[in-house]
Structures are given as structure tokens and as C-alpha cells.
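K.L.:
Swiss-Prot lists these features:
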type	residues	note
DISULFID	Cys91-Cys107	disulfide bond
DISULFID	Cys120-Cys140	disulfide bond
DOMAIN	29-129	domain 'Cystatin'
MOTIF	73-77	motif 'Secondary area of contact'
SIGNAL	1-26	signal peptide
SITE	Gly29	site 'Reactive site'
Amino acid sequence: MVHSQLPVAAPLRLLCALLLLPSATMIPGGLSPRSVTDPDVQKAAEFAVQEYNALSTNAYYYKQLRIVEAQSQVVAGAKYYLTMELMKTKCAKTTGKPKVYKEIQNCELPPKAQQEKLTCHFQVWSRPWLEKVELTKMSCN
């Protein structure tokens, strides 16, 4: 009897050990959840909002309401996958110097009946050693 249980014991111990690993263990090249308050996530979100406003043909700026979800992936640098809520502001885009993130965040919102909220998915690729950040994907609805 004891002999027949031996082959099962080793795989069972391995399975138990794997289940005890912390859930936040990073898988190389895989997506890992990140806290929405993480400073790197915050920087990526600021960049995404600025780029969204620069690329959008809307006449008004959109500001960040909140980061809904954040994940990262270790690539040649770090890629951040962000789900964010943006809200249309009363600040009109004008020719000349575009507003920076902090200025956009200070823009007033229109009255409740006129508010337009977007849910956006952004991918931001950061390569600090090259001093380069890129918005690689963006979709909003």
C-alpha cells in the first residue's frame, strides 16, 4: 500500500508548493497586475492622457478620472496596459502651446447633463535608458 502511494506523493507535494507561491510572482514576459497607485503606472497614465489629447481631433481636452486597471509586461523596457476613464472638460484646445497633464487635470468639467465619459485602453512602452516613451495602442469608447 505504501509503495503505491509514493509516486503520487512527489507530484502532490510539488502542486502544493506551487499553490503556496505568492500570486504576484512575475512571469518573465507575461502580464503582471500593478497597483493603480504605483508611481510608474501613474507616469504611464499621465503620458497616455497627454498623447490621447494630442492625437484626438476633439475640440476639448479630456482629463483622467481614474485608472480602472493596470498591468505591466517586461519587454525591452516595460509595457503598461492601462484601462482608464477620461472625461471631456470645458477647456478648449487652442493653436499654440498645448496644455500639459497637470493643466488638463485642473480643467473644469461641464454640467452633469453635458458630461462625456470615455473608457480607454492604452498600451504605453517605456524604455528609460533611451529616454523614450511611446503610446503603442489606444482605443476608447
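Start at 1 and count along the chain as shown; that gives each residue its number.
Note that Cβ sites are derived from N, Cα and C of the backbone, with glycine treated the same way.
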K.L.:
In whole Å, note down how far the CA of Cys107 (disulfide bond) lies from the CA of Cys140 (disulfide bond).
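P.N.:
Cys140 (disulfide bond) and Cys107 (disulfide bond) have their Cα atoms 20 Å apart.
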K.L.:
Quick check for the class: what is the C-alpha distance, in angstrom and rounded, between Gly29 (site 'Reactive site') and Cys120 (disulfide bond)?
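P.N.:
For Gly29 (site 'Reactive site') versus Cys120 (disulfide bond), the Cα atoms are 24 Å apart.
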K.L.:
Out of Cys107, Cys140, which has the highest number of nearby Cβ atoms, where nearby means within 10 Å of its Cβ, if these are the disulfide-bonded residues?
P.N.:
Cys107
K.L.:
Express the distance between the Cα positions of Cys120 (disulfide bond) and Cys107 (disulfide bond) as a whole number of Å.
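P.N.:
Cys120 (disulfide bond) and Cys107 (disulfide bond) have their Cα atoms 19 Å apart.
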K.L.:
Starting from the Cβ of Gly29 (site 'Reactive site'), draw a 10 Å sphere and report how many other Cβ atoms land inside it.
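P.N.:
Gly29 (site 'Reactive site') is surrounded by 8 other Cβ atoms within 10 Å.
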K.L.:
Using a 10 Å cut-off, grab the number of neighbouring Cβ atoms around the Cβ of Cys91 (disulfide bond), all chains included.
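P.N.:
By my count, 19.
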